[in-house]
Amino acid sequence: MSSAAMTVVIGFEGSANKIGIGIIRDGEVLSNPRRTYITPPGQGFMPSDTARHHRAVILTVLKEALEQAGLKPADIDCVAYTKGPGMGAPLVTVALVARTVAQLWGKPLLGVNHCIGHIEMGRLITKANNPTVLYVSGGNTQVIAYSERRYRIFGETIDIAVGNCLDRFARVIKISNDPSPGYNIEQMAKKGSQYVELPYTVKGMDVSFSGILSYIEEAANKMLSSGQCTAEDLCFSLQETVFSMLVEITERAMAHCGSQEVLIVGGVGCNLRLQEMMGVMCQERGAKLFATDERFCIDNGAMIAQAGWEMFRSGQVTELEDSWITQRYRTDEVEVTWRD
Amino acid sequence: MAALDFLKTAELLKQGAEARVYRAEFLGKPTIVKERFPKRYRHPTLDEKLTHRRTTQEVRSILRCRRAGIRAPVVYFVDYTSHCIFLEEIVGSSTVRDHIASSQQSDSGTEQNLQQLAERVGQILAKMHDEDVIHGDLTTSNMLLRRSQKDGESELVLIDFGLSYISALPEDKGVDLYVLEKAFLSTHPNTEELFEKLLKSYAASSKKSSAVIKKLDEVRLRGRKRSMVG
């Protein structure tokens, strides 16, 4: 195949504490470097500090992306960036760089929905056909299925995201944020054995995590100091409970849609226990589970490039005056012009 | 286990996400048996607690509705060891979902029929919420229309109280309606007006509706206003 027929897209992602730039050429990930802004234990990341972190490293990451792919700016066909959703200041920082290089290189821009980036990357890597998607991260918890040119949200959290619940619990018991609080909770959970009863809240196809979070925030230190259970037991119990809730709403969506495939995307999707539980549910229904690893589960630039690639090839382009960012951007707002 | 042995001779109707549903004859009556089977992906303690809680909540909510005159299946028997509920089979009925779908397809003077149906649903839900019963899984598949032999007016029956619980909070009732709205609009395209009619009827029939509708509006916005970082 001649290189004239290929489409190369560079994607810029920095909606939360990860800044990643990736390059995709016709479904091949040529490079995908990333940096994470990690705060001390007990602290979350704030928008302005996060933006500052991204500003400091973004040009380095950009150079890495081009060098690792062995490409020059002239080889790029389109510059994709995260339009939203996410944190304001970091989104602006990244969009600014994307706009600038697009103009410098004379390339078209594409504003991409972050959630759709996750979905399209998941589809590319796993080759899942038409799965029920569970998108779980620090900022989002949605059960999505494709129907008539939209990624429709069948179920979601009615308050906070599951990753947010896990991250904030990590802060309460001062678990390290390196490499991520969720990863450390997962490791500690493996050593937990006692199941502590926690609130379980599923409402129809939706879930709620603020109840279990406030319960565990209040009770954790009491339980730990009384010796009733260990921190590992709490991590274990929290995972078992929130993951069961996620598997339940996914199963309900599958039953509703008659779907036989599940795809897990988003940072929390890295969690092997969640994958294991979803796998058991799938097995019992004769369904198939698809999941990716931390390169693609966690926010990264290539996923924005991949969604951008699909959008670009279906004829979409974002004009400069429309290349703003937005903190709130529903997955179902986007018209999925690249699928029928 | 007697209930499970009994089920071996019953006809399996469907296996949902939550339970297996069978048809059988029990004490000479047409019966639906709902078996909540163990979920292997859950921790066994959590699974047992959740399954037991849902079984008891379901039965409690149905009984509470029935006592208030809301049509729901009669509970014949409950086996708490195998988590089986033996319920009256609502013979000669179809779901409101099928009814709306076929009405929309045939369009023969159905506008008024559907509006009347929407009003009746609003009324029955208002009554249920006034009893502080939160259904928890309101969809048009969980409402049945049973043709009455006598005068032709069909009977509206609520079923599947598997996620139900008792609560007086307007927040919980608002979320209950929100769940229905989402299910309604995603299952039946172009029915926004019909659902509005349902809500108006609910507001008119319920004594405590204004706080509930207010909460419904708040919950609707939550999806739009939530910070979506990550």
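Backbone N, Cα and C atoms are what each Cβ position is placed from, and that goes for glycine too.
Whatever TrEMBL says is automated annotation, not expert-curated.
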For this session: From A:ASP233, A:ASP293, A:ASP299, grab the residue that TrEMBL records in the same divalent metal cation site as A:HIS114, A:HIS118, A:TYR135.
Result: A:ASP299
Problem set entry | Residue in A:ASN113, A:ASN221, A:ASN271 which TrEMBL records at the substrate site where A:TYR135, A:VAL136, A:SER137, A:GLY138, A:GLY139, A:ASP167, A:GLY182, A:GLU186 also bind | A:ASN271
For this session: Please report the number of other Cβ atoms within 10 Å of the Cβ of A:HIS114 (divalent metal cation binding site).
Result: 29
Problem set entry | Neighbour tally for A:GLY182 (substrate binding site), based on other Cβ positions within 10 Å of its Cβ | 25
For this session: Report, in whole Å, the straight Cα-to-Cα distance of A:HIS114 (divalent metal cation binding site) from A:ASN271 (substrate binding site).
Result: 20
For this session: Fill in the CA-CA distance, A:TYR135 (divalent metal cation binding site) to A:GLY182 (substrate binding site), as an integer in Å.
Result: 15
Exercise. Taking only the binding-site residues A:HIS114, A:HIS118, A:ASP299, which one has a CA atom nearest to the CA atom of A:GLY182 (substrate binding site)?
Worked result: A:ASP299
Exercise. Around A:GLY139 (substrate binding site), how many other C-beta atoms are within 10 angstroms of its C-beta?
Worked result: 24
